[in-house]
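Have a look at the structure below before the remarks.
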Amino acid sequence: MADYFGRHDNSSLSKKASTITMSSLQDHSPDETSPLLPSTPRTATTLTQSRHWLSRKQLTLVLILLVILASSGDQIQESPQTRICESVMCYHYYEDTDPTKLLLDRSSVGPGAIGGVDEAYCKVNAVQEQLAMLRGYQQLLDGLPSLLLALPFGWAADRYGRRPILALGLLSFVLRFVWIQIVLWYWQSFDIRMTWLSTLHACLGGGSAVISGVFFVVLSDITPEDERAGVFLRAGASSLLANFFMPPLSAWLMTINPWIPMFMGTMIYVISLGAMPFIPETLGYHDPSARAGSYPRTPVTEHAPAPPPDMASAQVPISADFAARWAGRLKDAASFLSDDWRVPTLILPFFGHMLIGTASQLLLQYMSKRYEISFADATLLLSVYNGVKVLLLFVLLPYLSTLVMRSFRLSGQKKDLYLARASQLCVVVGYTLVGMSPNIPTGVISLAIASLGSGAYLLLRSFITSLVPSHHVARVYSIITLVDTIGAMFGSAIMAGLFKRGLAIGSLGLPFYFLGLISAVFLILMCVVGLRPGEDEKHTSDT
């Protein structure tokens, strides 16, 4: 963005002073006492420092804290929510097929049917199939609003700023969790499928994929390019830090009552909203002329650059055809996709990103069923998986990044691409082995290998960011959000269907074989793309 707006510094003020509407400039018009040479304008850095009372590093820490809180809220209630859903379905199942398995009648059983049936009886195929399909369709429905709203929210983030979108997203998740808890608490009054209505939360904030994309845009706004990959990895590791510590806590609390971690998760999300006052608007963080809504107020200069395409198109007369205006906006917003074939090619692997996210949720049910253990015990096993991820993103990958750049004299671009390929290879091998693992020790080792690929999409995101102009970053991330959403929508249904099919044919690892295969296809795409001759040197000199 500095290159895009840097031309302001060398442009002189227009002689048409009447076109300048800023009152501050009118108050300082030149007269006979004015010096011949105007005073040097404040730099973007000075203005940035005056606008933001937190330094860049402090702001990064606040953002990472926000990630930890939001991830903690998700992780601490994921397992208990699955267990409560299973309990409700299990109670209904045995109520219809074998009432002798019921420990309490309807008048005595508590919220979520907890304690109504022994958990060991709930591992039958019929209940597990229903549970897998409930979660699969939930993810499919969650993707629909995000699919429709990703581009509008991306445009809004470029036009009005990142901060309001982020705040709305956090609030929407609080409302989502509250609705799910209401349905499960009053399970005798609500059909459990009413939890699917929680997908409407995305209408307020765009859904998890949109919020994740906006978060990375905020990080990209405030982070120098040579540090971006490291910051992305630390942000991902911060999320996984919650994944490591929260599941054991959740598992322990579930032995008392699964409703305790459920309510704690919602409260943690409410607390995360308290971080928003400390997060400034980062649109135009390094250039005041790029701030949200500032384009119409920019002084007219002889050589001033035109505003971004969506701003220019906004000046079309109201009488113009509405459809034509929006078609033009969409064409301008997506023009970078045709400018460089590598960008859409590298966006495609993000289908696998959400497939892995879906697999992470399915792993809990898979391990509980395959190894005949409780959800609390399966949650503890997944802590090993998350622990390796934390070690990888906090320690191993940052160290490897520095080592590779120093030892092989690679640029940040090449380093990101090569490490992304190596990480994706671990994904292919790891998840294929997960499907083949016959017992808990081999399953844990396979998960550890798969977790070594956790940085693949963070590194790939950083590499893609380096290929596009900085003022298109939010739109690129919106496209990635769309791909993520489509992957979550169809991937969740596919994985749930494969899990159901695996139950029928006695091959529970079927979804993970599919994940290994599709990840291999995406690895091939990553290997096809490279840097153009001379591009690496030019990029190094720019940074």
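Glycine residues also receive a Cβ, built from the backbone N, Cα and C atoms like all the rest.
Where the annotation comes from TrEMBL, it is an automatic prediction and has not been curated.
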Kindly point out the range from 136-156, 199-219 that TrEMBL annotates with transmembrane segment.
-> 199-219
Would the transmembrane segment (231-253) count as touching the transmembrane segment (440-464), i.e. at least 3 C-beta pairs under 8 angstroms with sequence separation of 6+?
-> yes
Beyond the flanks of the transmembrane segment (199-219) by 6 or more, those residues with Cβ under 8 Å of it | 60, 63, 66-67, 138, 141-146, 149-150, 153-154, 157, 162, 165-166, 168-173, 175-176, 179, 228, 231-232, 235, 279, 282, 354, 461, 473-474, 477-478, 480-481, 484-485, 488
Per the Cβ filter (under 8 Å) with a sequence gap of at least 6 from its ends, the transmembrane segment (384-405) is approached by 229-230, 233-234, 236-237, 240-241, 243-244, 247, 363, 411-412, 415, 418-419, 423, 444, 447-448, 450-452, 454-455, 458-459
